[in-house]
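**Student:** Quick paste from Swiss-Prot:
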type: REGION; residues: 1-24; note: region 'Disordered'
type: TRANSMEM; residues: 48-68; note: transmembrane segment
type: TRANSMEM; residues: 73-93; note: transmembrane segment
type: TRANSMEM; residues: 104-124; note: transmembrane segment
type: TRANSMEM; residues: 147-167; note: transmembrane segment
type: TRANSMEM; residues: 197-217; note: transmembrane segment
type: TRANSMEM; residues: 222-242; note: transmembrane segment
type: TRANSMEM; residues: 332-352; note: transmembrane segment
type: TRANSMEM; residues: 371-391; note: transmembrane segment
type: TRANSMEM; residues: 419-439; note: transmembrane segment
type: TRANSMEM; residues: 453-473; note: transmembrane segment
type: TRANSMEM; residues: 492-512; note: transmembrane segment
type: TRANSMEM; residues: 533-553; note: transmembrane segment
Amino acid sequence: MVHVSSSHGAKDGSEEAYDYRGNPPDKSKTGGWLGAGLILGSELSERICVMGISMNLVTYLVGDLHISSAKSATIVTNFMGTLNLLGLLGGFLADAKLGRYKMVAISASVTALGVLLLTVATTISSMRPPICDDFRRLHHQCIEANGHQLALLYVALYTIALGGGGIKSNVSGFGSDQFDTSDPKEEKQMIFFFNRFYFSISVGSLFAVIALVYVQDNVGRGWGYGISAATMVVAAIVLLCGTKRYRFKKPKGSPFTTIWRVGFLAWKKRKESYPAHPSLLNGYDNTTVPHTEMLKCLDKAAISKNESSPSSKDFEEKDPWIVSTVTQVEEVKLVMKLVPIWATNILFWTIYSQMTTFTVEQATFMDRKLGSFTVPAGSYSAFLILTILLFTSLNERVFVPLTRRLTKKPQGITSLQRIGVGLVFSMAAMAVAAVIENARREAAVNNDKKISAFWLVPQYFLVGAGEAFAYVGQLEFFIREAPERMKSMSTGLFLSTISMGFFVSSLLVSLVDRVTDKSWLRSNLNKARLNYFYWLLVVLGALNFLIFIVFAMKHQYKADVITVVVTDDDSVEKEVTKKESSEFELKDIP
């Protein structure tokens, strides 16, 4: 998994940067690894908090609050969906007004507050319903947590989502601001920073699902969440203490404003007549993006009403809320061109979300003994993270060099082909999950036997392998194909696919629960048919894959693509191709 700045364009040199006093930065005292290293702590802590909560929350909701499996899954996926969606808000606020430093600092403080509230919510006994004994649980007589008891939990979760979204969308961009890309030495350091950035995420995630989940299950939720809160508080303090060491950049405005403005003006002028020739559109002669006939309705945003009055026309052109330029209109068209691929990426994250909900609950109905040690249900997700790390390494050392020789392309296979491979892995994961769940249920119902929870490893492995391809492919696709002046929204588009994936999971669970009269997704999985739900995801995944292929084969890649490859010794190789393959070629997928 490779992480890229959420908010920077094609080139950001140190000449645009300033220190905390507003003066040109001294490279020997600001930025570089000195500043970036302090910033990494914020992302490390965010991962510890979010992964420690999301990967084990469903067991608390079902086991302690006596909430149904379907409702518990919906709570978790809505939380994760909101967190990623609020990443768009965090990116917008940073780009439009606050800047990345202020946004990360505020978000870290908000996240710390949210985890403190969660610690309180899970520690106070009055925030939980009465303990349910085995007899009541067997006969579905457990008292479910009421609205009053859930209120503080919801406030805590969505406070964390608000803060986590702000960190997620800005911390990598703020880290990259510490390097001057016009300096070859610092540009190389920035690429190395992204490697270390991902390493921090991996370390934080593994610590959360192994150590914190164990503490939550065996010592107490309060202790587990308390450690997360303390970690976030320390990270916020360290971030603030390093203020004098950072390089800052002024907000340049959000590209979402441009998209909204073009859409608004096109609608406002919808009754206007098209000019006799596109050259009469505002800014046609100075456009940096060639005019196209695609989505011609948007061209109306660039129609000037005062062609006969040069002074009035000049006034209009200075106010972007009166008339847009051809460049702005064409940039919005390029973004709209990405929507079909964006939409067909959503279901991958819907499948991924099952690893944080029903797969964790499956583990609670299986034999988790490892000798005398009982592995916490949420800790099995460590296999997901380890698989992602494994395949990321294999991609760099084996897969990319091999496919380069086979396809004669600098990056091995195209970004859309990477996404396609990830989608196939996700379908395979759900098919395997369905088979394993059927075997688990039959053993429990017919033989009163629990099969080993390590049978869940294959589905974690397949989803992890899929993420290694799909994550990189999606992020690479949006970064490459977004307009040059709208690169800052690349991560925003990517985060929105993750967000929508979790929300679609919530919607799907609700629909299935209603259509099947709650027979597929019961709290007692031995009386449920979770395997049917997994097979449904396989079918939906197959249909989505076919639609993806249709759109991918029609997609035309942008010209003049720069490929950046980080080798094992952290050296940087750049390769430029005049034109990517213009379509998604099935024959190139290994």
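The backbone N, Cα and C atoms fix where each Cβ goes, and this holds for glycine too.
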**Student:** Do the transmembrane segment (492-512) and the transmembrane segment (332-352) come close, with at least three CB pairs under 8 A (pairs 6 or more apart in sequence)?
**Tutor:** yes
**Student:** Looking at the stretches 104-124, 197-217, 371-391, 533-553, which one shares the most CB pairs under 8 Å with the transmembrane segment (332-352)?
**Tutor:** 533-553
**Student:** Any contact between the transmembrane segment (48-68) and the transmembrane segment (533-553)? By contact I mean 3+ C-beta pairs closer than 8 Å, pairs at least 6 apart along the chain.
**Tutor:** no
**Student:** Using Cβ atoms only, state whether the transmembrane segment (533-553) and the transmembrane segment (419-439) have three or more pairs under 8 Å that are 6 or more apart in sequence.
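**Tutor:** Contact between the transmembrane segment (533-553) and the transmembrane segment (419-439): present.
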**Student:** Determine whether the transmembrane segment (222-242) and the transmembrane segment (419-439) share at least three Cβ pairs under 8 Å, counting only pairs 6 or more apart in sequence.
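**Tutor:** Counting Cβ pairs under 8 Å (6 or more apart in sequence), the transmembrane segment (222-242) does not reach the transmembrane segment (419-439), since there are fewer than 3.
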**Student:** Going along the chain, which residues at least six beyond the ends of the transmembrane segment (453-473) come within the CB cut-off of under 8 Å?
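**Tutor:** Residues 1-2, 345, 348, 351-352, 355, 359, 362-363, 366-368, 375, 377, 380-381, 383-388, 390-392, 395, 415-426, 428-430, 432-433, 436, 439-440 contact the transmembrane segment (453-473) from elsewhere in the chain.
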**Student:** Give the nonlocal contacts of the transmembrane segment (147-167) in its own chain as ranges (CB under 8 Å, at least six residues past its ends).
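**Tutor:** For the transmembrane segment (147-167), the nonlocal Cβ contacts are 42-43, 46, 49-50, 53, 65, 75, 79, 82-90, 93-94, 103-104, 106-115, 117-118, 120-122, 126-129.
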